[in-house]
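K.L.:
Supplied in structure tokens, the structure appears directly below.
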Ligand SMILES: O=C[C@H](O)[C@H](O)[C@H](O)COP(=O)(O)O
């Protein structure tokens, strides 16, 4: 699992805080990444103690973790309602997020958007007054060159994400590629989100505009919950 940003203690505090909000009978979206992993393990411990919950994983990684934690799983097809999603972020500014550092943002966005409430778990290094993190864009392999040209035309600098323990590109859980697109500061995330969503061959981008209902920020001193 990739690790970024703050300490494990900060991430664990955030994850455990969000996991405490899960109630009996809920269907919960299970996010991806090193911070969401702490929430999944904490939910698993509560399942051990009798919590009745079903999880919807957002990636191969979160499904494997949920299975290890013995969290019963379901799917968007089967569940009548997704009461809550708990997910990490690469950067947040108010309720706006950049996600996809683990290339899971397409499935994450589907599950997070389907949930009644999205709780984001983060360490303090993820906060920004204004978003400026490169935006991951998942692209169909055939569209890599054309989407890259479109991103340049929008003022961004696209970089094909390459794998660390494999030669060549990162391939997502959906069999696609990822362009990390640096736009510098993003004063109007909603405008950029709409522009990226329109690009032919772009499957999904990592801007989650206005999607967070709460951000649980873990630190050595405890957890600050920001509500939007
Ligand atoms: O694709 C990955 C996800 O969007 C993660 O939630 C995001 O990258 C944050 O991960 P972490 O908690 O490991 O920093």
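Cβ atoms are placed via backbone N, Cα and C, with glycine included.
Unlike curated entries, TrEMBL annotations are predicted automatically.
Copied straight from TrEMBL:
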type     : residues                                               : note
REGION   : 1-20                                                   : region 'Disordered'
BINDING  : 32, 33, 34, 35, 87, 88, 89, 90, 99, 100, 101, 102, 126 : substrate binding site
ACT_SITE : 108                                                    : active site, proton acceptor
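Any idea what these are sitting next to in the structure?
P.N.:
Under the DSSP three-state reduction, residue 87 (substrate binding site) is assigned to strand.
Around residue 108 (active site, proton acceptor), the same-chain residues at least 6 positions away in sequence with a Cβ under 8 Å from its Cβ are 31, 32, 58, 59, 87, 99, 100.
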K.L.:
Going by DSSP assignments with H, G and I as helix and E and B as strand, what are the residue counts for the region 'Disordered' (1-20)?
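P.N.:
DSSP composition of the region 'Disordered' (1-20): 12 helix, 0 strand, 8 coil.
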K.L.:
Given 32, 34, 99, 101, 126 as the binding-site residues, which ones have a Cβ positioned under 6 Å from some atom of ligand 1?
P.N.:
32, 34, 99, 101
